[in-house]
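Student: One structure, pasted below without further comment.
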Amino acid sequence: MSFDPNLLHNNGHNGYPNGTSAALRETGVIEKLLTSYGFIQCSERQARLFFHCSQYNGNLQDLKVGDDVEFEVSSDRRTGKPIAIKLVKIKPEIHPEERMNGQVVCAVPHNLESKSPAAPGQSPTGSVCYERNGEVFYLTYTSEDVEGNVQLETGDKINFVIDNNKHTGAVSARNIMLLKKKQARCQGVVCAMKEAFGFIERGDVVKEIFFHYSEFKGDLETLQPGDDVEFTIKDRNGKEVATDVRLLPQGTVIFEDISIEHFEGTVTKVIPKVPSKNQNDPLPGRIKVDFVIPKELPFGDKDTKSKVTLLEGDHVRFNISTDRRDKLERATNIEVLSNTFQFTNEAREMGVIAAMRDGFGFIKCVDRDARMFFHFSEILDGNQLHIADEVEFTVVPDMLSAQRNHAIRIKKLPKGTVSFHSHSDHRFLGTVEKEATFSNPKTTSPNKGKDKEAEDGIIAYDDCGVKLTIAFQAKDVEGSTSPQIGDKVEFSISDKQRPGQQIATCVRLLGRNSNSKRLLGYVATLKDNFGFIETANHDKEIFFHYSEFSGDVDSLELGDMVEYSLSKGKGNKVSAEKVNKAHSVNGITEEANPTIYSGKVIRPLRGVDPTQIEYQGMIEIVEEGDMKGEVYPFGIVGMANKGDCLQKGESVKFQLCVLGQNAQTMAYNITPLRRATVECVKDQFGFINYEVGDSKKLFFHVKEVQDGVELQAGDEVEFSVILNQRTGKCSACNVWRVCEGPKAVAAPRPDRLVNRLKNITLDDASAPRLMVLRQPRGPDNSMGFGAERKIRQAGVID
């Protein structure tokens with residue numbers, strides 16, 4: 001469309017108002033604005049007028065759609081249509097502004113390119129809302145209505161002015177100010193938990209964030225490291241912390257993408273077993289991969305499939321993990337290839353699994369005398385090992401103790417691969433010249449130090465008239481009894497894989513040395529299948545198994561004199577063997593001092609208190625005199641009643657006697673002074689008010705009451721205490737009634753029941769009544785009871 005300004009009916013006017021023109025001027029709003037012309041929407045009437053940009057009095061760059069203008073109306077000379085001339089921009093009126101608080105409902109899209117870039121003034125809009133008098137109102141806004149260089153997001157809290165377009169009547173928001181950004185919810189994984197707080201590994205950046213347990217919205221008992229959570233980040237004291245922590249379904253947060261394809265590479269740097277103080281790299285390991293361009297991938301201690309020790313030069317297979325947050329690549333799911341031992345410089349050894357414990361075990365080595373410790377985590381290929389399995393392994397020093405070795409990288413071998421030695425089928429006879437000892441008896445933990453090195457024993461034997469000697473080890477002895485000096489044994493001779501070495505194996509005891517010394521002792525303790533013997537010096541006890549007793553075990557009683565020999569079993573522990581009953585200790589030949597002393601037990605026998613180290617008990621004289629405070633030992637022989645259980649603190653009377661081969665003065669004929677009252681009597685048993693150990697009542701059976709007396713509650717009694725060796729519980733025996741207790745008097749009816757009976761009103765119609773629905777009858781359908789009811793005395797059975 002062409003336009004000629006000279007065609008306007010302006011009567012020679014220059015087109016610009018000088019303030020003296022009397023022409024009628026109107027107002028309107030720029031509705032459309034193009035490069036050289038535009039259109040105005042009139043405010044006072046429904047009309048849309050064309051105008052040429054040359055008719056605008058001012059900088060055209062400041063004119064935009066929506067601006068208020070003042071103009072005159074003229075007509076196009078050629079077409080006769082009304083047009084606007086002499087345009088002047090009207091300054092906006094200043095109205096009192098009321099600012100409203102609200103929030104963004106729909107944000108203006110960011111980086112949205114206009115489909116018609118040639119059309120200025122057309123920009124995308126968003127919407128906000130506010131509340132007034134319980135109603136919610138929605139307004140539109142554009143990015144130009146936002147103050148400052150701020151990009152609003154949905155949910156942001158804002159403050160704005162309501163603008164009412166007087167020309168179009170449209171209401172919008174302008175002068176928008178951001179009050180508070182919406183708190184974004186982040187996701188992560190709980191990576192550490194302390195006493196009252198923890199840390200979350202964030203899913204958006206490679207960073208950990210602190211959280212306090214009070215911020216967890218849920219059951220804290222169920223929260224554990226590895227759980228997926230979402231949270232809000234807040235700033236407290238200048239530090240970011242996680243708040244409003246909530247659980248997410250497992251698997252929601254994914255940090256990395258793991259390749260499906262497997263790769264192979266070579267370990268160039270291993271993770272140190274003991275990290276240095278300056279070690280800050282969380283992925284210290286390195287694996288070289290032969291891609292088109294060779295590269296090294298890092299890995300950490302959690303990236304291996306198992307805990308098997310990696311060595312430099314190992315050939316491994318792995319996946320590549322790519323972190324979504326920073327795109328860092330690392331090797332993961334690392335497993336050692338079976339052919340890796342061809343490329344490493346390690347010395348491999350062989351052996352057989354000798355023992356298995358909880359999480360660790362021991363290997364009997366082919367080339368070493370000592371058993372080699374190993375941990376289950378060092379087993380390759382996830383195999384489960386059993387005792388006698390043949391294995392191959394590498395020996396390395398322990399990181400915590402250089403003097404101790406252990407086996408790593410254990411590989412299971414086929415049966416028949418390992419051979420310790422070749423031995424002849426011929427059996428030899430010999431005599432033990434030196435006993436063999438173990439190194440560490442009953443080793444259950446690899447952290448226990450060696451108490452004593454193992455020592456080989458020596459066997460003297462005759463081979464074709466030539467007297468020879470050969471070494472043997474305690475582990476090669478068959479049976480539970482170790483041979484002692486002078487014992488006859490049978491054995492085989494084996495050649496170890498290490499050349500030039502012979503050793504006796506499969507050593508079996510044939511007979512004890514007939515000249516072995518026989519000792520006397522006294523039965524001190526009897527358990528289910530073993531017991532202890534008090535030595536002739538009465539200062540210690542010796543273990544013996546019932547299988548070593550010649551005779552009926554049931555005939556053994558505490559205090560019986562026995563004869564025995566000493567033997568060393570596995571673990572260098574001394575025990576009694578070939579136990580024979582001699583004669584009763586009651587016929588003791590030593591003469592006791594006739595003086596009777598009063599004393600107090602200050603230490604019981606070890607059989608009563610197994611926690612104490614010393615076997616002997618101790619009694620202190622408490623009666624006035626020159627000997628008050630003197631202490632004398634005692635054993636099972638010194639007890640008047642061998643089954644009596646003397647406890648610490650009990651009062652006793654005793655005599656003194658010189659006993660034992662070392663002529664020691666000891667307490668003898670010890671009798672406890674116990675007196676207490678009967679707590680209660682049941683049918684066939686009762687309880688005495690006497691404290692024994694943790695129990696404040698002492699049990700007794702009625703058959704233990706002497707002279708057939710029927711005890712009543714409150715009776716004062718004397719008694720002995722015996723210890724059940726099988727159950728470890730004490731009970732009373734030999735119960736004598738010293739004096740009767742007070743007779744039980746029937747207690748009167750309590751006042752509360754008497755008062756209640758007095759207050760019952762039988763005539764009250766509202767009172768609860770008891771109605772008989774069915775009369776009682778006996779089994780034969782008769783009424784009443786055949787036997788007369790009698791008053792029964794408590795504790796007496798008819």
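The first residue you see is number 1, and the count goes up from there.
Each Cβ is built from the backbone N, Cα and C atoms, and glycine gets one as well.
Bear in mind that the values here come from a model prediction, so they are computed numbers and not experimental data.
The feature domain 'CSD 1' is assigned by Swiss-Prot to 26-87. The N6-acetyllysine annotation in Swiss-Prot covers Lys81 and rests on similarity to another entry. Taken from Swiss-Prot, the feature SUMO2 cross-link applies to Lys91, supported by similarity to another entry. Taken from Swiss-Prot, the feature phosphoserine applies to Ser123, Ser276, Ser514, Ser584, supported by similarity to another entry. According to Swiss-Prot, the feature domain 'CSD 2' maps to 136-179. Sequence annotations record features per position, and here Swiss-Prot assigns domain 'CSD 3' to 186-245. For 297-337, the entry in Swiss-Prot reads domain 'CSD 4'. What Swiss-Prot records for 349-410 is domain 'CSD 5'. Here Swiss-Prot flags 447-507 as domain 'CSD 6'. Taken from Swiss-Prot, the feature domain 'CSD 7' covers 519-579. The domain 'CSD 8' annotation in Swiss-Prot covers 610-670. The domain 'CSD 9' annotation in Swiss-Prot covers 674-735. If you look up Swiss-Prot, you'll see 748-789 marked as domain 'SUZ-C'. The feature phosphothreonine is assigned by Swiss-Prot to Thr761.
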Student: Is it true that the domain 'CSD 5' (349-410) and the domain 'CSD 7' (519-579) have 3 or more Cβ pairs under 8 Å, skipping pairs fewer than 6 apart in sequence?
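Tutor: Touching, no - the domain 'CSD 5' (349-410) and the domain 'CSD 7' (519-579) miss the threshold of 3 or more Cβ pairs under 8 Å.
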Student: Please work out which recorded stretch in 136-179, 297-337, 519-579, 610-670, 674-735 has the most C-beta pairs separated by under 8 angstroms from the domain 'CSD 1' (26-87)?
Tutor: 136-179
Student: Just checking, which of Lys81, Lys91 (recorded positions) has the fewest C-beta atoms within 10 Å of its C-beta?
Tutor: Lys91
Student: Kindly report the helix/strand/coil residue split of the domain 'CSD 3' (186-245) according to DSSP, in that order.
Tutor: 6 helix, 36 strand, 18 coil
Student: Same-chain Cβ contacts of the domain 'CSD 4' (297-337) under 8 Å, 6 or more residues past its ends?
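Tutor: That would be 203-206, 254-271, 281-287, 289, 343-346, 377-380, 382, 396, 408-409.
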Student: Expressed to the nearest Å, what is the distance separating Lys91 (SUMO2 cross-link) and Ser123 (phosphoserine) at their Cα atoms?
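Tutor: On Cα coordinates alone, these residues lie 23 Å apart.
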Student: Within a 10 Å radius of its Cβ, which of these modified residues (Ser123, Ser276) has the fewest neighbouring Cβ atoms?
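Tutor: It is Ser276 that, of the modified residues Ser123, Ser276, has the fewest other Cβ atoms within 10 Å.
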Student: At the Cα level, what's the spacing in Å between Lys81 (N6-acetyllysine) and Ser123 (phosphoserine), rounded?
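Tutor: Cα of Lys81 (N6-acetyllysine) to Cα of Ser123 (phosphoserine) measures 31 Å after rounding.
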Student: How many Å lie between the Cα of Ser276 (phosphoserine) and the Cα of Ser123 (phosphoserine)?
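Tutor: With distance taken Cα to Cα, Ser123 (phosphoserine) is 61 Å from Ser276 (phosphoserine).
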Student: Would you list the DSSP helix, strand and coil counts for the residues of the domain 'CSD 2' (136-179)?
Tutor: 3 helix, 25 strand, 16 coil
Student: Could you give me the DSSP helix, strand and coil counts for the domain 'CSD 1' (26-87)?
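Tutor: The counts are 6 helix, 35 strand, 21 coil.
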